[in-house]
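Visitor: Let me begin by handing over the structure; questions about it come next.
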Amino acid sequence: MELGIKLKGGGQRLPTISGFLSFLIALISLAGLNVALLMKVPVFPGIFIVQLPIVGFFLGLFGLIARRRSRLYAIWGLALCTFLLLFTLLMIIASLSINPKP
């Protein structure tokens, strides 16, 4: 009745570079969006709202199809980029529904 010895770090998988980049881009884009909302700028910087989340979304998709790698960062990056794109779409729809002149 001996206990088996487990090797440390033997089963760990490295994250994909594209998944990590997707996560990093999503965090940068989310930070840029928060700064723009807190500073109350009249025109939002388009790179933080549209371009970076689209690039991060495709990097996250590419990170999901990588073989034998950890997909944790790819899933988080994909989820955050999807949230940012959905937030942008809902804000556009909400702003178009406002009638300034009744």
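Placement of Cβ uses the backbone N, Cα and C atoms for every residue, glycine included.
I grabbed these lines from TrEMBL:
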type     : residues : note
TRANSMEM : 20-39    : transmembrane segment
TRANSMEM : 45-66    : transmembrane segment
TRANSMEM : 73-98    : transmembrane segment
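Distances, neighbours, how buried they are, the whole picture for these features please.
Guide: Within the chain carrying the transmembrane segment (20-39), a Cβ under 8 angstroms from the stretch's Cβ atoms is held by residues 45, 47-49, 52-53, 55-57, 59-60, 63, 73-74, 76-78, 80-81, 84, 87, all 6 or more beyond its ends.
Below 8 angstroms of C-beta separation, residues 15-16, 18-27, 29-30, 33, 49-50, 53-54, 56-57, 59-64, 66 of the same chain, each at least six residues beyond the ends of the transmembrane segment (73-98), sit close to that stretch.
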